[in-house]
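Enquirer: This is the structure, below, for whatever I ask next.
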Ligand code: COA
């Protein structure tokens, strides 16, 4: 079986910058609280009529395709990770396919929230390993800003999330020592409702009621403390799993690209793994938590900043709603 490699990577974020100070005007919060608890300074929010989940994914994908030296017609499959699809159905993968002018290739949506991109990467990797496809677009794209409670009731969640998209092109690697060395996926549905949006709800006779809107169940609920506790355990665990599988130690990592959940979570992982700051990618300060888009945006920025060179050992890791968690170890 052949390995897949990341042949191209790209990202797109909306132009509209929203600072913590801007949020102070909408709810009882402060720049100081948000910076101290999360590390976030600003985030991007979509512009109606300009940005959609699918077209932001397409913008990121075009950059990844260009870096790979390919054209859209060379793409054999789309795997699209999002928790904020344009429509309830069909998925955003087919909308992005249309946006890119592609016809007849498969488009698969992945629903694994903050771990969505790493799950999607693993799906793409399997299709390349088996030889079924050669060039696969793996995309994470999110519009959170239209689904947040901007009253004080929602402040514990709403200040965290932002909009954006990232993408990679997966292609076959010319060597089995290079490319994606392994992926590791986990889930524990026991905690499904600890970080969730439970309305509209297909188990109710009326999927969407005025009551659901009034009581806030159309907005994300997060048990922040519980998410934090699980995240700081699962991140190191799944990173170590990837290292052990391939016979590496934490010090062999050249760059860790964790899901950008919270700067305190990232600092905790960094300390636990004994990694220096320059080996851990952080851009949550600029974008907040963009769930499925966060890992590919961070990877794309790290690449642009020259922090990834050929031959580097790069580890991607994510944790989020589900709970789900995942990692991928890549020899670049
Ligand atoms: N601005 C000001 N105050 C806020 C606030 C905000 N945006 N959000 C919550 N508060 C208040 C709370 O109401 C609470 O007030 P009280 O003590 O009067 O009741 C106080 O701040 C502390 O709240 P708490 O939730 O205990 O804070 P915390 O230190 O746990 O930080 C999170 C909250 C959300 C930042 C933290 O739990 C966290 O990062 N969790 C993980 C979240 C995450 O990573 N999610 C993504 C999953 S991938």
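The backbone N, Cα and C atoms fix where each Cβ goes, and this holds for glycine too.
Sharing the record's features from TrEMBL:
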{"type": "ACT_SITE", "residues": "114", "note": "active site"}
{"type": "ACT_SITE", "residues": "259", "note": "active site"}
{"type": "ACT_SITE", "residues": "289", "note": "active site"}
{"type": "DOMAIN", "residues": "108-189", "note": "domain 'Beta-ketoacyl-[acyl-carrier-protein] synthase III N-terminal'"}
{"type": "DOMAIN", "residues": "243-332", "note": "domain 'Beta-ketoacyl-[acyl-carrier-protein] synthase III C-terminal'"}
{"type": "REGION", "residues": "260-264", "note": "region 'ACP-binding'"}
Enquirer: Measuring Cα to Cα, how far is residue 289 (active site) from residue 259 (active site) in Å?
Expert: 8
Enquirer: By a simple count of other Cβ atoms within 10 Å, which of 114, 289, the active-site residues in the record, is least packed?
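Expert: The active-site residues 114, 289 were compared, and 289 has the fewest Cβ atoms within 10 Å.
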Enquirer: Could you give the Cα-Cα distance between residue 259 (active site) and residue 114 (active site), in whole Å?
Expert: 7
Enquirer: Could you tell me what the rest of the chain brings near the region 'ACP-binding' (260-264), counting residues at least six beyond its ends with Cβ under 8 Å?
Expert: 37-40, 114, 160, 227-228, 231, 282-285, 287-290, 294-295, 297-298, 319-320
Enquirer: Just how many other Cβ atoms lie inside 10 Å of the Cβ on residue 259 (active site)?
Expert: 30
Enquirer: With H, G and I counted as helix, E and B as strand and the rest as coil, say where DSSP puts residue 259 (active site).
Expert: coil
Enquirer: Please work out the helix, strand and coil residue numbers for the domain 'Beta-ketoacyl-[acyl-carrier-protein] synthase III C-terminal' (243-332) from the DSSP assignment.
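Expert: Summed over the domain 'Beta-ketoacyl-[acyl-carrier-protein] synthase III C-terminal' (243-332), the classes give 38 helix, 22 strand, 30 coil.
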